[in-house]
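A.B. asks: Below are the features I grabbed from Swiss-Prot:
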SIGNAL    1-19  signal peptide
MOD_RES   GLN35  pyrrolidone carboxylic acid
DISULFID  CYS44-CYS68  disulfide bond
DISULFID  CYS47-CYS55  disulfide bond
DISULFID  CYS61-CYS87  disulfide bond
DISULFID  CYS91-CYS102  disulfide bond
DISULFID  CYS103-CYS108  disulfide bond
Amino acid sequence: MKTLLLALAVVVLVCLGSANQLGLGRQQIDRRQRQAIGPPYGLCFQCDRKTSPDCSTAKKCPWYHTTCYTLYKPDDACGEEWAVKGCAKTCPTAGPYERVKCCYKPECNND
């Protein structure tokens, strides 16, 4: 029983170590240069007005998705309102009667 627990502990430690090497753990910071080490990621608000109208928490984006965007669509009052907020590698293209606003700083699509 003790050997089984010891083997399980070793497997957990090895898996956690490999997760950190893959960048799945905490973001590492180079203290001297004050920069993040490893693949860049964005921190954007990600939601759809139809499924979650309250978009109050920013989420970590996938690797290299550093562009935050807000997609606006026409509303009933002849104006426009946001329809989708998210992150992408590059700024998405707006469709007909749509407008996309892109930004490149963490949590910048909170409007």
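Backbone N, Cα and C define each Cβ position, glycine as well.
Quick one: how deep are these features, and who are their neighbours?
C.D. replies: Cβ-based neighbour count (10 Å, all protein chains) for CYS44 (disulfide bond) stands at 27.
In three-state terms derived from DSSP, CYS47 (disulfide bond) belongs to an extended strand segment. Neighbour count (other Cβ atoms within 10 Å of the Cβ, all protein chains): 18 for CYS47 (disulfide bond).
Around CYS87 (disulfide bond), the C-beta neighbours below 8 angstroms that are at least 6 residues distant in the chain are GLY42, CYS44, GLN46, CYS61, PRO62, HIS65, THR66, THR67, CYS68, TYR69.
Mapped onto three states, the DSSP output places CYS91 (disulfide bond) in coil.
Secondary structure from DSSP puts CYS108 (disulfide bond) in coil.
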A.B. asks: Please report the Cα separation of CYS108 (disulfide bond) and CYS47 (disulfide bond) in Å, rounded to an integer.
C.D. replies: 14
A.B. asks: Taking the Cβ of CYS108 (disulfide bond) as the centre, count every other Cβ atom within 10 Å, in any protein chain shown.
C.D. replies: 19
A.B. asks: Where the distance is taken from Cα to Cα, which of the disulfide-bonded residues CYS47, CYS55, CYS91 turns out closest to CYS103 (disulfide bond)?
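C.D. replies: Going through CYS47, CYS55, CYS91 one by one, the closest to CYS103 (disulfide bond) is CYS91.
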